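Just below is one structure, and these are the notes that go with it.
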Amino acid sequence: MLPYINAPFEYAGNALGASVDELKLIFSFLLSYPLAAILKRIPDNLPWRKNVFIVGVSLFYLIGLFDLWDGLRTLIWASGVTYAIAMFVDSPYMPWIGFAYNMGHMSVNHIHRMTINDPGSIDITGAQMVLIMKLTAFCWNVYDGKLPETELSEFQKEHAIKEIPDLLDYAGYVFFFPGLMAGPAFDYCDYRQYISTSMFQLPPGVDPSKAPPTRKKRKIPRSGTPAAWNFGYGILWILAFLKFSAWYNTSALLSDDFLKYGIIRRVWNLHMLGLTTRMKYYGVWSLTEGACILSGIGYNGIDAKTGRASWHRLQNVRPWDIETAQNTRAYLGNWNINTNNWLRNYVYLRVTPKGKKPGFRATLATFFTSAFWHGFYPGYYMAFILASLLQTIAKNGRRLLRPFFLTADGGSETPKKRYYDLVTILITQLAFSFTVAPFVFLSFTGSITVWSRVYFYCLIGVAVCFGALNSPIKPQLQAQLKKRNKGKIEEVVKIEQAKERIQRAPTLGLPDDPEAEMDEIVAEVRKEIEERRKRGGSVGMDIRKAVEEKLAEFKRK
């Protein structure tokens, strides 16, 4: 650590009531803007200088600012071993070896952080979580580069690495400073296209006059304005977090004074605690995305509608869409977008055998990967399990109730649809205010205490909904819906559901339709029993035992 570098942060921390490490982290995000502007001005024909500059800035952050010598060693070990695995392991299991090594390595650090239990300090697990997405994707991209193109999807073709990069390019990818500590993560092909400036070439057929403006001889388009917008949004979110966190924090909800409020005020405070916590992430991710935009790597081609340069390649969150979400998928799908993409492209679709659609095994693998990636605090698992139940309820509710607010053919909305929208927004926000609380409190005791202080309203609601779904109410609604729509909408719904099942992965690892997933594995077991019966084998096993065997078989794989 540089001498006396802590002094200004200690002074500011005492004035603002924030920890020194948190202020230094925000400072690193702000400093990335002028440094990204310098990076952008390094000549395009000297990519090695860009790589050296990128690695040098990251070393300053890790050592000069945070004194994270152990953290630096962690990142070097993770990236070094992954590079060796990708280069020397010539096997179809190579990506899984890299995946197992990185997840195991990070799990050790997660456990170490739990033993320290100091949320105000900065350790390396945050940066390692971002790096794991990049390293595991790197292994898969190298593996794809060795396969015939006829065996690859369009996504795999675009991201495949045909030749292992040299160590300097790889180090620049690993230590890209605008996204080092908090993301966003991206694939090596993005970095290679950026560092070689091929990212900024106009695709065939695009009018050259629509090329975004550049300065001097640089190929990277001007990005100061979109970066400034992200900077402004990020600062506003951080300031809002600092202001609101003085009113809505974990200590306030666990204090005896909280019990003096009525139920409505308690639920409001619980909701505001979640919103205040999200403000911090909105601010951080807006700032880091802005620095990426300023460096140029956030470029996403020409927007077909506006004809202008698009800079949303690395967008990680959409605050408005989250705060006005009408269902669980909209809520979770707009949060931590790059992690969702990673789980889909490098877990969900990778455990699915070629020629088959993703099913129960893919969902289970994605769920456990997401859970382990976050860490081992009990609060994470409490939130994940409850959210998966909400996913089931939301899916059924949408299928059973939403069509009543559409025309018979499902083509347009009725005048009452606006009321359905308002009610679903309210229900979704109230449900997730309760659900995300364990993510904030982390401990089992703290989470249960806060849940009890709002009378477990979401758990009661979940129990009531599941009771309704397993009562005559569900078939009655289905009958009314069929009679009302005269069979016109059913086929459209089935087609949409089939497309969702094939094309969309579980959001943040949560099953998209847990009920359907369990039905699928039971059907698979029944099919196996029937095959055994035809072969004359023993069928003296019940469904429960068969399911357990299937799960055990999956875990061994």
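The backbone N, Cα and C atoms fix where each Cβ goes, and this holds for glycine too.
All annotation found in TrEMBL is predicted automatically rather than curated by experts.
Under the heading transmembrane segment, TrEMBL lists 23-39 (among others). For the transmembrane segment (23-39), the list of distant contacts is 9, 12-13, 16, 50, 53-54, 57, 61, 65-66, 122, 177-178, 181-182, 227, 231, 234, 238, 284, 287-288, 290-292, 294-295: same-chain residues at least six beyond its ends, Cβ to Cβ under 8 Å.
Tertiary proximity for the transmembrane segment (51-69) is limited to same-chain residues at least six positions away from its ends with a CB under 8 Å from its CB atoms, namely 1-2, 5, 21, 24, 27-28, 32, 35, 38-39, 42, 75, 122-124, 168-169, 171-172, 175-177, 180-181, 195. Taken from TrEMBL, the feature transmembrane segment covers 51-69 (among others).
TrEMBL lists 75-101 (among others) with the feature transmembrane segment.
Annotation comment: TrEMBL describes 227-248 (among others) as transmembrane segment. Tertiary proximity for the transmembrane segment (227-248) is limited to same-chain residues at least six positions away from its ends with a CB under 8 Å from its CB atoms, namely 16-18, 26, 29, 33, 36, 269, 272-273, 275-276, 279-280, 282-287, 289-291, 293-294, 311, 319.
Residues 26, 29-30, 32-33, 36-37, 39-40, 176, 178-179, 181-184, 186, 190-191, 194, 199-200, 202-203, 206, 210, 212, 220-221, 223-224, 226-231, 233-238, 240-241, 308-317, 319 of the same chain, all 6+ positions outside the transmembrane segment (282-302), place their C-beta atoms under 8 angstroms from a C-beta of that stretch. The transmembrane segment annotation in TrEMBL covers 282-302 (among others).
Among the features that TrEMBL reports, transmembrane segment is placed at 380-398 (among others).
For 419-442 (among others), the entry in TrEMBL reads transmembrane segment. If you look at the transmembrane segment (419-442), the same-chain residues 6 or more away from its ends with a CB under 8 A from one of its CBs are 250, 267, 270-271, 273-274, 277, 323-328, 330-331, 377-380, 382-383, 386-387, 390, 394, 401-402, 405, 450-451, 454, 457-459, 461.
Residues or ranges marked as transmembrane segment in TrEMBL: 454-473 (among others). Sequence-remote contacts of a segment are chain residues at least 6 beyond its ends whose Cβ falls under 8 Å from one of its Cβ atoms, and for the transmembrane segment (454-473) they are 263, 266-267, 270, 386, 389-390, 392-393, 396-397, 430-431, 434-435.
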- Six or more residues out from either end of the transmembrane segment (75-101), which same-chain residues have a Cβ under 8 Å from its Cβ atoms? 62, 124, 127-128, 131-132, 135-136, 138-140, 142-143, 164, 167, 170-171, 174-175, 350
